[in-house]
Amino acid sequence: MSAPVTVPGLDQAPTAHPKLLAWVREVAELTRPDRVVWCDGSEGEWRRITDELVDKQVLVRLRQKPNSFWARTDPSDVARVEERTFICSADEADAGPTNNWMAPAEMKRVMTELYDGSMRGRTMYVVPFCMGPLTAEQPMFGVELTDSPYVVASMRIMTRMGADVLDRMGADATFVPCLHSVGAPLAPGQDDVAWPCSDTKYISHFPDSREIWSYGSGYGGNSLLGKKCFSLRIASVMGRDEGWLAEHMLILKLTGPSGQVKYVAAAFPSACGKTNLAMLEPTIPGWKVETLGDDIAWMRFGDDGRLYAVNPEFGLFGVAPGTDWKTNPNAMRTLAKGNSLFTNVAMTDDGDIWWEGMGEPPAHLTDWKGRDWTPSSDEPSSHPNSRFCTPIEQCPILADEYADPRGVPIDAILFGGRRKTTIPLVTEARDWTHGVYLGATLSSETTAAAAGKVGVVRRDPMAMLPFIGYNAGDYFAHWIGMGKGYAGDPGKLPQIFYVNWFRRGDDGRFLWPGFGENARVLKWVVERIEGTAAAVETPIGRVPAPGSLDVEGLDLTAEDLALALRVDADEWRAEIPQVVEWFERFGDKLPSVLWAELDGLKARLDAA
Ligand code: GTP
Ligand code: SPV
Ligand code: MN
């Protein structure tokens, strides 16, 4: 028996929650931090933590943006690590064929060994947070224990965090315990590095007990555990059990010229355009977009039978490269207000940030690896997965409904991917089941948002491949089940569409200008819902009839438009074997209606 451990701060808990107190003690006794800090989310705390990070040269204070900081990670710790992400369900079948699995007891044994003493020489922060409004009937609480002050600062931007949360939790609220260590203990007197992390990484989820254990990485989706780990992987399991959906979707409010309001949710894989569409500035007169969320949507039926979406997040963690006054002016306005962290972008000599896509490069920069950079350098100045982290309430077009715990009733769901070929600009699903088929077979080229090869086409169902916390076959069945609607009324379900902003011509250029011009596609979607735009039936679904997509004033040749919209039966026939192979992976779990959809598609292509 070892003597009870005394850790400074451990007993200064501003809560009487017995389970929380016991868990914090248990983790402190295992990980052996030098002290424990209970976070209150205050301005003063933010200042203390950012000052300390600046002192240690982990952050650089930006002179050109108020209360904003530049961070550089270890060059090996720049993205989510899907190979090291595990769903540790009791039954391996519940993890399904798309997740890595390890038995929960075995994973806990392995990781307990790693956590043993892993916070030595560091501070353990207790970060109480809430995903979604604190005013919700059932607020969704989490508590992250982390030895990374960068994570604390980021969590303060990305989640509702601190004393209010702890108060609302009282002594008995359920919460998701989220344990995080960078896995780099310090021996007495040992100098720290700017970005501690470990070569050994585990991002583990225990869906049965609803716990998250993360080790070895300080980066984004690996370490801000309220985001992908809780709000998608664990929440998708909650949604399966309780009849709702946790999705990798933006949420936007669209107002048309006659004042009609529509709410749109859209699922695109990582780095495939959610933040940009969520903050879009329409190029067509009379149309207005307001932002509700840019990455995650929780959707459940309201008593009126409509599907309501809430954004559980409090900040934007957006891809930096490509963000510019031309492509996403609302993001630029959000960032100009300050209070932001920038990770793995470049810094200008006068203390501002810069990244590829921001117009003409300055003559000199400090790149994301801290090296001198000039326009003649061989490598980009910023990592392709460099990110801004900024409060969503700074977004100038944030919709008022953002704060409403009931969320907004969704009229349309868009699925989309990044495909050079085959997939037309926009397709309308014939009905819910067909829409689920389109989502279940969604494909996209991999991006720098995850470690691994970029540009490889893979199936990414509902843009959730790395985020479904259970068997993807069961997930498809859950989606099909949602199609019964609320109380058996499917009449009020959102209409489903499939989009692709990334189709290319033979010369490699994008056929569709994208960004603000995507408002034209949103307009067609609204007009389809209202029954005023024409469509033509094709083997894959309905596409805009000639002349029905508003291209007035658009600088686009008729040829390029036709190529962007084209349904090429040969290209689609070539996809079929890949879909068969994909579906076969799910065996009996795959809903038979999806096989029937595939059969229907084959028959229609054969007849084409
Ligand atoms: P995650 O935060 O990783 O989930 O990504 P996201 O889906 O929010 O993607 P984001 O909007 O940040 O866009 C990723 C990249 O795609 C950026 O470099 C954008 O500039 C680019 N992009 C976004 N929309 C368009 C578009 O309509 N056309 C083209 N060509 N590129 C786009
Ligand atoms: C994504 O990869 O989809 C992101 C960034 O939104 S991360 O938070 O790292 O998951
Ligand atoms: Mn994302």
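Using the three backbone atoms N, Cα and C, a Cβ is placed for every residue, glycine included.
These features come from TrEMBL:
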type     : residues                                                                                       : note
ACT_SITE : CYS272                                                                                         : active site
BINDING  : ARG80, TYR219, GLY220, GLY221, SER270, ASN385, SER386, ARG387                                  : substrate binding site
BINDING  : LYS228, HIS248, ASP295                                                                         : Mn(2+) binding site
BINDING  : ALA271, CYS272, GLY273, LYS274, THR275, ASN276, ARG387, ARG418, PHE515, GLY516, GLU517, ASN518 : GTP binding site
DOMAIN   : 23-240                                                                                         : domain 'Phosphoenolpyruvate carboxykinase GTP-utilising N-terminal'
DOMAIN   : 244-604                                                                                        : domain 'Phosphoenolpyruvate carboxykinase C-terminal P-loop'
REGION   : 365-388                                                                                        : region 'Disordered'
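Where TrEMBL records a feature, it is marked here on the structure.
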residue: ARG80; record: substrate binding site; DSSP (3 states): strand
residue: GLY220; record: substrate binding site; DSSP (3 states): helix
residue: LYS228; record: Mn(2+) binding site; DSSP (3 states): helix
residue: ALA271; record: GTP binding site; DSSP (3 states): coil
residue: ASP295; record: Mn(2+) binding site; DSSP (3 states): coil
residue: ASN385; record: substrate binding site; DSSP (3 states): coil
residue: PHE515; record: GTP binding site; DSSP (3 states): helix
Taking only C-alpha atoms and a 10 A limit, tell me which of HIS248, ALA271, CYS272, ASP295, PHE515 are near GLY220 (substrate binding site). These are the recorded positions.
none
Could you list the residues of the same chain, at least six apart in sequence, whose Cβ is under 8 A from the Cβ of ALA271 (GTP binding site)?
VAL319, ASN385, ARG418, THR447, ALA448, ALA449
Between C-alpha atoms, which of these recorded positions comes nearest to GLY221 (substrate binding site): LYS228, HIS248, CYS272, GLU517?
LYS228
Can you tell me which of these binding-site residues sit near ligand 1, meaning the Cβ is under 6 Å from at least one of its atoms: SER270, PHE515, GLU517?
SER270, PHE515
Say you check the Cα of ARG80 (substrate binding site) against those of the recorded positions LYS228, CYS272, GLY273, ASP295; which is nearest?
LYS228
Which of these binding-site residues (GLY221, SER270, ALA271, ASP295) have a C-beta closer than 6 Å to some atom of ligand 3?
SER270, ASP295
According to DSSP, collapsed to three classes, what secondary structure does HIS248 (Mn(2+) binding site) have?
coil
Measure the Cβ-based neighbour count of LYS228 (Mn(2+) binding site), defined as the other Cβ atoms within 10 Å of its Cβ.
26
Of ALA271, ASP295, ARG387, PHE515, listed as binding-site residues, which ones have a Cβ less than 6 Å away from ligand 2?
ASP295
Candidates ASP295, GLU517: member of the binding-site residues with the richest Cβ shell (10 Å):
ASP295
Test of understanding: give the count of other CB atoms lying within 10 angstroms of the CB of SER270 (substrate binding site).
25
Rounded to an integer, what is the Cα-Cα distance in Å between CYS272 (active site) and LYS228 (Mn(2+) binding site)?
16
Find, for the listed binding-site residues TYR219, PHE515, the residue with the lowest Cβ contact count at a 10 Å cut-off, counting only other Cβ atoms.
PHE515
